[in-house]
Amino acid sequence: MKNKKIGFIGAGNMAKAIIGGIVNSHLVPAKNVYASNRTEAKLVELKQEFGITIATDNKVIAKTCDIVFLSVTPEMYEKVIEEIKASIKDNAIIILIAAGQSIEQNEQRFQRPVKIVKAMPNTPVLVGEGMTAISTNALLTAGEKEDIQKLFESFGKAAFIDESLMDVVTATSGSSPAYVYQFIEALADGAVMHGLPRKDAYLFAAQAVLGAAKMVLETGIHPGELKDQVCSPGGTTIESIATLEKHGMRYAIIDAIAANINKSRSIH
Ligand SMILES: NC(=O)C1=CN([C@@H]2O[C@H](COP(=O)(O)OP(=O)(O)OC[C@H]3O[C@@H](n4cnc5c(N)ncnc54)[C@H](O)[C@@H]3O)[C@@H](O)[C@H]2O)C=CC1
Ligand SMILES: O=C(O)[C@@H]1CCC=N1
């Protein structure tokens, strides 16, 4: 992996997070990470922050890189693939990260056999705590699949899943950091309303969320039981739980997942 060149076509929020994850984990030297973008300003920022190699022409990434992330938004896929398909190296691995984009649909766009990975990462890859789901087409060798898993594991957890579940994963781990940030912001707003300084409120709220997530992952105890352990009889927590139930918090989240999946399924 050390000698591989990893490229990003589209240098927006998700590309920046993965680039940061790769550079911070020293998976490959920073100069072996390439990015192109429609406009130059974001590229210059990425070069300054991470020391990567930049280009304004997407074809430069296609010609140079062994692994190419298509990190533009889904509606740009057709145009970008049309632009780069003749330049992609024969053995290159293309990684699709766009919501709603399938392997089959994009195999057709290349009009020749190409190794394709569909991956759904999330922005916490930037701090080494990403969660990425992976599917591949049949052209990747077992060794290449291992390399791709190692790539994503260099900045978090990664797991192979059936591609038919990718839209569900998009809602569950791809988008969910946004819901969690809303939750943290709301916790902090409530605390600030009752006098806690804003900076402390974000620290206390975010560390509680981090600790609770670790409890689920590391103890293996059912989340409902962990919740029960916090609710002292006749205590404060059960008052909050009853209030959240009254406002339908759990159903609101279930409904938000369904809206997310429907949106992915409407993207072509
Ligand atoms: N933001 C996130 O948390 C996640 C995003 N994704 C996927 O990542 C992709 C990018 O999403 P974001 O980074 O959020 O969007 P973004 O809008 O921040 O980034 C897209 C970038 O692509 C550039 N671009 C547009 N057309 C281009 C072209 N023809 N050639 C080169 N660059 C071009 C834009 O200038 C922009 O910098 C999407 O497909 C999204 O579904 C997947 C998982 C999580
Ligand atoms: O909002 C989006 O469409 C992308 C996919 C998952 C997270 N962000």
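FYI, residue positions are counted from 1 along the chain as it appears here.
Note: Cβ is positioned from N, Cα and C throughout, glycine not excepted.
Spatially close to A11 (NADP(+) binding site) yet at least six residues away along the chain are I19, A35, S36, N37, K42, L43, L46, I54, S71, judged by Cβ distances under 8 angstroms. Residues annotated as NADP(+) binding site in TrEMBL: I9, G10, A11, G12, N13, M14.
What TrEMBL lists as NADPH binding site is N58. N58 (NADPH binding site) has a Cβ environment of 23 other Cβ atoms inside 10 Å.
If you look up TrEMBL, you'll see 5-99 marked as domain 'Pyrroline-5-carboxylate reductase catalytic N-terminal'. Helix first, then strand, then coil: DSSP counts for the domain 'Pyrroline-5-carboxylate reductase catalytic N-terminal' (5-99) stand at 44 helix, 19 strand, 32 coil.
Marked as domain 'Pyrroline-5-carboxylate reductase dimerisation' by TrEMBL: 163-266.
Just so you know, of the binding-site residues G10, G12, the Cβ with the fewest other Cβ atoms around it within 10 Å is the one at G12.
Within its own chain, I9 (NADP(+) binding site) has A35, S36, N58, I61, A62, V68, F69, L70, S71, V72, V80, I84 as residues 6 or more apart in sequence whose C-beta sits under 8 angstroms from its own. Of all the binding-site residues listed here (N13, M14), the one with the fewest other CB atoms within 10 A of its own CB is N13. Residues of the domain 'Pyrroline-5-carboxylate reductase dimerisation' (163-266) grouped by DSSP class, helix first, strand second and coil last, total 88 helix, 0 strand, 16 coil. In sequence order, F8, A15, K16, A35, N37, K42, S71, V72 are the same-chain residues whose CB sits within 8 A of the CB centroid of I9, G10, A11, G12, N13, M14, the residues recorded for NADP(+) being left out.
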